[in-house]
Each structure stands twice: as structure tokens, then as C-alpha cells.
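Here is what TrEMBL records for this protein:
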ACT_SITE  Lys10  active site
DOMAIN    67-144  domain 'GHMP kinase N-terminal'
BINDING   Pro95, Val96, Ala97, Gly98, Gly99, Met100, Ala101, Gly102, Gly103, Ser104, Ala105  ATP binding site
ACT_SITE  Asp137  active site
DOMAIN    203-278  domain 'GHMP kinase C-terminal'
REGION    288-314  region 'Disordered'
COMPBIAS  300-314  compositional bias 'Basic and acidic residues'
Amino acid sequence: MSITVRVPAKVNVQLAVGAPRPDGYHDLANVFLAVGLYDTVTATPAEGLRLTVTGPDAAQVPLDGSNLAARAALALAERAGRTADVHLHIAKDIPVAGGMAGGSADAAAALVACDALWGLDTPHEVLLSICADLGSDVPFSLVGEAALGTGRGERLQPLEVGGTFHWVFAAADCGLSTPAVYREYDRLCEGREVPAPTASPELLAALREGDPHALAAAVGNDLQAAALSLHPALAATLAAGTGAGALAALVSGSGPTTAFLAEDAPAAARIAEALTASGTCRSARVAASPAPGATVVGQDPDRDTVAARGADQR
Ligand SMILES: C[C@@](CO)(OP(=O)(O)O)[C@H](O)COP(=O)(O)OP(=O)(O)OC[C@H]1O[C@@H](n2ccc(N)nc2=O)[C@H](O)[C@@H]1O
Ligand SMILES: Nc1ncnc2c1ncn2[C@@H]1O[C@H](COP(=O)(O)OP(=O)(O)O)[C@@H](O)[C@H]1O
């Protein structure tokens, strides 16, 4: 028996960041939008916990106990009073350490896959709370679509989206550490009063109406200046996308992936081509949003070992 779960990446169309809290986190108004770039996680019974990864960025994914998918399986097993005897295979397509919540996505997918494999039928609210313990972005990976995240981003309120948005994502040739970007944000804010973060009414209306021009006028990322300060070359990528006709160009979350909003699918294809030709990024890909959260896409009753191993499997 094996269970395969597909899970999307995210872009933050608004990321308003407050002052640091006593616990080291920041309060946010985090408007998440799930995008159609996916990892899949396959869970198969095994002796003990085993982890394999394939995909272009597989070498950057930790295979030890720090892997968020492994941590998710262990957390669920502990709650169920059982051992995490499972092989998790991650087919990774979301850029690693790119500000697209790939690790969070794998954690949410592993939870859903193990829950189904072990026949636990864990209530949704309990899954959400395990997700929040694993990381601030993990609850959103579970639910997908669009949501406003408050608190440290883990308290979600679903948002209505009235159409399809077309994006281009440019991967950078390095990663950025999320805590380092928040630290740089604090440094850049030193000596300034940081207002409490609030969601922009114009942005929420643009999402509701499915209007890319209105969304482009309202997007904002308070971490962008910090990401650019740590990785100044991103400015050239943003300029290349704007020059190619993007309606908006922004850093995705803590970066360094950059996100470009396009008028429609053909415009997105043109912008991706221009970005690739510009030499300012490692690769550029199109994706549409919103996208569903972690979803079971395959159940194979006969499979007891994971087949389908790419040449780059670790
Ligand atoms: C910035 C965002 C935007 O969605 O994601 P990425 O763009 O990195 O994917 C998130 O806030 C990242 O969420 P996530 O990656 O789950 O962070 P966590 O594991 O909870 O926290 C990692 C570290 O980031 C910082 N952190 C995270 C969330 C938050 N609201 N305030 C923070 O200061 C803290 O230094 C924390 O120790
Ligand atoms: N399953 C996983 N996939 C990717 N990265 C992971 C995973 N588990 C843990 N990590 C760690 O999390 C860090 C952040 O990766 P990721 O979630 O892809 O980026 P971001 O937080 O920028 O969205 C990586 O550098 C890696 O060390």
C-alpha cells in the first residue's frame, strides 16, 4: 500500500511584518496564495523512518531528522501512539530555500499521506495544530487556495479568489535563510516605529475580483528590502521582469525567488522567456494560482516499496 499526496508552493501577495515579539517571531498580515508548482510525497510502509528525495534541487534537501516531512511523520505517529514506520519519498519541484515554502509543503503532504496510510482519520483541526507546531507556513500548505495568515502566519482565514492569476517565478542561484532575512529586516527598521501589520483592503478586493491589474497595484512585501540587502543581484532580476512586461515584480516571501504577475498565460510565457534570456536568474517558470492544498492523488494497494527513482535520488 502507498499513498501519494500533491502539495503546492506559495507566493505572498502581501507580507506586512510587525516588530519582533518577545518569542523572536514577528506578527504578520500574510496574504498567502497557493501556486501550481508542486512537490509530491509518497508514503509507503517500511521498517523505521526512511527518506528519499528526487528532483533538480534534491542535493540541498536535508535527509536527517531536520527534514520537515520526517518531523511531520514523527509528530503524527507520536500523537497516535505508534511508531513512524514509513518510507517518505519526496519528488521535489519547488525551489529549495526559495521563499516558496517547499519544506512546509512537504511537511503538510507527509502529514496527509501518513494519516491516510495509517488509517487515522485525524480531525482537520488537529492536523492544523500539528502543522502550526512544525512551522508558521505549514498550516497554509495544508489548506492551499488563498488565506490571510495572522499571528506568526499560522492563524488562517480563507480568502475568496475570483479568477486565475498567471505568474512567472525566477529561481536564484543561491538560497536565503528565512531567520537571516527577518534579522536583516529588524536591522533596517532600527530607530523606526514599526506599525502593527494589517491586510490591505484594496489587495483583498483585487483577489476577490480576480483583477490582475488591481492586484499588481496592491502587492507588497515588507521583507523585500531585507532580501535585496542580503542579495543585491535580485534587483536586476526584478528589473528584467518589469522590462519584459510584468504587471508587478516582487520577492516571494523571504526570497530569493522572484515573482512576476502577468496579464494572462501568453504574457507569462513571454516574460519567462525574456527572464531566461536575461541571464539574471537560474531558471524561470510559469504557474497559475490559486491551487488546492495538500491532496491525495494516488493510492496504490500493491506497492510496498517505492519504485520510480530518478538518477538524482539521494
Ligand atoms: C517568510 C515566510 C513568509 O510566508 O516564509 P518564506 O518566504 O521564508 O517561505 C514565513 O514567515 C516563514 O515561515 P516559516 O519558514 O514556516 O518559519 P518558521 O519555521 O516558523 O520560523 C523560522 C524563523 O523565521 C523567523 N520568523 C518566522 C515567522 C514569523 N512570523 N516571524 C519570524 O521572525 C524566526 O526567526 C523563526 O525562528
Ligand atoms: N522537505 C524539505 N524540503 C526543503 N527544505 C527543507 C525540507 N525540510 C527541511 N528543509 C530545510 O528548510 C530550509 C528552507 O527551505 P524551504 O522550505 O524550501 O524554503 P523557504 O523557507 O525559503 O520557503 C532549507 O534550507 C532546508 O535546510
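Numbering starts at 1 and runs along the chain as displayed.
Even glycines carry a Cβ here, placed using N, Cα and C.
A TrEMBL annotation is a machine prediction, not a hand-curated record.
Structure with TrEMBL features highlighted.
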| residue | record | CB count, 10 Å |
| --- | --- | --- |
| Lys10 | active site | 31 |
| Pro95 | ATP binding site | 26 |
| Ala97 | ATP binding site | 20 |
| Gly99 | ATP binding site | 30 |
| Ala101 | ATP binding site | 31 |
| Gly103 | ATP binding site | 26 |
| Ala105 | ATP binding site | 36 |
| Asp137 | active site | 29 |
Legend entry - Cα-Cα distance linking Asp137 (active site) and Ala105 (ATP binding site), given in Å to the nearest integer: 8
Legend entry - Assigned element (helix, strand, coil) containing Lys10 (active site), judged by DSSP: strand
Inset, instruction - Round to a whole number and give the Cα-to-Cα distance in Å for the pair Lys10 (active site) and Ala101 (ATP binding site). - result: 6
Legend entry - Contacting recorded positions for ligand 1, chosen from Ala97, Gly99, Asp137 when the Cβ sits under 6 angstroms of any of its atoms: Gly99, Asp137
Inset, instruction - Take the C-alpha atoms of Gly99 (ATP binding site) and Asp137 (active site) and report the distance between them in angstrom, rounded. - result: 10
Legend entry - Asp137 (active site): nearby binding-site residues from Pro95, Ala97, Gly103, Cα cut-off 10 Å: Gly103
